Amino acid sequence: MGYYNNVFDGCNDQTDIGAVMRDGREVILQAYNWESHKHNWYKNLDAKVPDISKSGFTSAWLPPPSQSLAPEGYLPQDLYSLNSAYGSEHLLKSLLGKMKQYKVRAMADIVINHRIGTTRGHGGTYNRYDGSSLPWDEHAVTSCTGGKGNRSTGDNFNGVPNVDHTQHFVRKDIIGWLRWLRNTVGFQDFRFDFARGYSAQYVKEYIGAAKPLFSVGECWDSCNYNGHGLDYNQAAFDFTTKGILQEAVMGQYWRLRDAQGKPPGVMGWWPSRAVTFLDNHDTGSTQAHWPFPSHHIMEGYAYILTHPGIPCVFYDHFYDWGSSIHDQIVKLIDVRRRQDIHSRSTIRILEAKSNLYAAIVGEKLCMKLGDASWCPSGREWTLATSGHRYAVWHK
């Protein structure tokens, strides 16, 4: 199974998953994991804001802000209640204020594919929302998940009432809530959870109305595996940079160049729409659905932090895996910024074989991965940073 984040374009006339982009120079920190709700999280993050800013992150992706039946936040109930297992509304607003002070944009995790009911309705299921700030009835829930609404316009999230986005009153209420998060609460960026659960036309409508500075959607996709491992040639929509990269670092660097000589995955065919990452709260953390090989984390970050796309660093790696990992990531972010590498930077892949990958990015940065001996030709290149099985040079 593969996972990728895809950025949404509210600036052109597309209905596919596409994005509100700034200048493509974002570097995102996912600022929580699956267990964060147990640790007074907003207060914990508040103390880290100065370091997050100094490290070069432009945005910090925060957990779902609303009250939820599950403490992790992904079974929302009362959207306007900001008292959650991560902390109180007061602590959240204090955190957002500090982030604004340190010029780190706050990204809200928007969970609007499904919503847990407060009372039983049609069919005896919890598909009514009496007594909440948005007191919808059964018509707000898709018919395929126990409501009286229309059929879903995307994939079902099983076991819970899925929101029917075809209903005008539902979209009106969601837009009002998103505008409140954006203009009153203080979030600037949005990440849409389980975006494949409803048509992209609705995401476009929400983005156009709420006007976040940057938006990104979650899509789970599939990688194709044969009897010997991961297939080499796959349709661009079927595999992700993460899936290829975590196979490549195990001594298969040839995977990092496709048949057209480009990077594989979304990074290769539409880099300005690719949010690259190694792990998140689903693939890593204690869920560990699809973790990146732990002994190759820095090779992974050396790749995504020097390449096109918009890189996202996982909290666990940055803060829980020791100061060496933290400092190496900070150095790579600094090199990226100084050499002005962005989501649309050009790339020339020089080597891609079992034990070596090398590329020039933006004509200003050169990097290598693997245990083979290699360095760029020409005196104009100076070593910027290096670590176990990676090195980066700049002009």
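Any Cβ shown, glycine's included, is placed from N, Cα and C.
Computed from a predicted structure; not experimentally measured.
Going by TrEMBL, these are the annotated features:
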type: DOMAIN; residues: 26-348; note: domain 'Glycosyl hydrolase family 13 catalytic'
type: DOMAIN; residues: 337-395; note: domain 'Alpha-amylase C-terminal beta-sheet'
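If you take every residue in the domain 'Glycosyl hydrolase family 13 catalytic' (26-348) and average the pLDDT, you get 91. DSSP states for the domain 'Alpha-amylase C-terminal beta-sheet' (337-395), grouped as helix (H, G, I), strand (E, B) and coil, give 2 helix, 29 strand, 28 coil.
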